[in-house]
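If you look up Swiss-Prot, you'll see CYS239-CYS241, CYS272-CYS275 marked as disulfide bond, on the strength of sequence analysis.
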Amino acid sequence: MADQLIRATAADGGIRAVGVITTRLTEEARQRHKLSYVATAALGRTMAAGLLMASGMKRVGSRVNVRVKGDGPLAGILVDAGLDGTVRGYVGNPHIELPPNAKGKLDVGGAVGNGYLYVVRDIGYGYPYSSTVELVSGEIGDDVAHYLVTSEQTPSALMLGVFVGASGVTAAGGLLVQVLPKAARDEALVAKLESRVGALSGFTPLLQAGKTLPEIFHDLLGDMGLTIFPESQILRFHCGCSFDRVLGALKMLGEAELQDMIVKDDGAEATCDFCGRVYQASSEHLAQLIVDLQTESSVSG
């Protein structure tokens, strides 16, 4: 099944639902960063959460940054997701492994530890909206749901899942169901929705059982006036890094530092944290940057 995002509404627009399949992009992240099992689960859940949150933004080019900063051995998570369906991310310690938790599952909460969730929404106006909440469990799903209720005052049910086997990621994705103000006053409706979401064993078991996103929507909201939008959105792991950007960053170091790199290292190497791509800048590249800096200095002087 292709990585995709599908939207739906129910209860005359009082319920908003978004589902994502992120199996392939999570596997790509695992391979790029050489992630351990628990690191794959942690990053995969956070990427799915980022895409779900970004899906509610309106302006073209809008993006959301999700940073999980805990005191656990994973050493943090950073994800950048866009309304356009692109996502990238990394963890501080990609190779960490822990014993299973009390439920026999990957111990994402133990890897993350105690700390905070930071969310920055950039809607393209130059004034990003940021918010911080304390982590509830470190399992990502609970933490993002807590953020949505606390910071956006929107009752939300969020399921995230990543299944990692010996051959890699075989199922990953998530589901976000939000009760909007027009339906929040219907206590019976809210109770029914909470009961159904609570009865689910998780998101990845549904995918492993062969369920599609429309089928999952029907199971949850089929008798609540469900409308599934026919357009699905393709999702993919994508990083906007480039050699030109690397040169721009190196140029900011200044002449003395660049000259030192030429003498000591015969060039420079840079690795993108988000995608793991390695860039090599030769001594000739660095020499040209020095020339550019000298030219700019003489012009401005």
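We number each residue from 1, going along the chain as drawn.
In case you wondered, yes, glycine gets a Cβ from its N, Cα and C as well.
Model, not experiment: these values are computed from the prediction.
What Swiss-Prot annotates, mapped onto the structure for a quick look.
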{"residue": "CYS239", "record": "disulfide bond", "Cβ within 10 Å": "18"}
{"residue": "CYS241", "record": "disulfide bond", "Cβ within 10 Å": "18"}
{"residue": "CYS272", "record": "disulfide bond", "Cβ within 10 Å": "18"}
{"residue": "CYS275", "record": "disulfide bond", "Cβ within 10 Å": "18"}
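A distance of 6 Å separates the Cα atom of CYS275 (disulfide bond) from that of CYS239 (disulfide bond). Here CYS272 (disulfide bond) is positioned 9 angstrom away from CYS239 (disulfide bond), judged by their C-alpha atoms.
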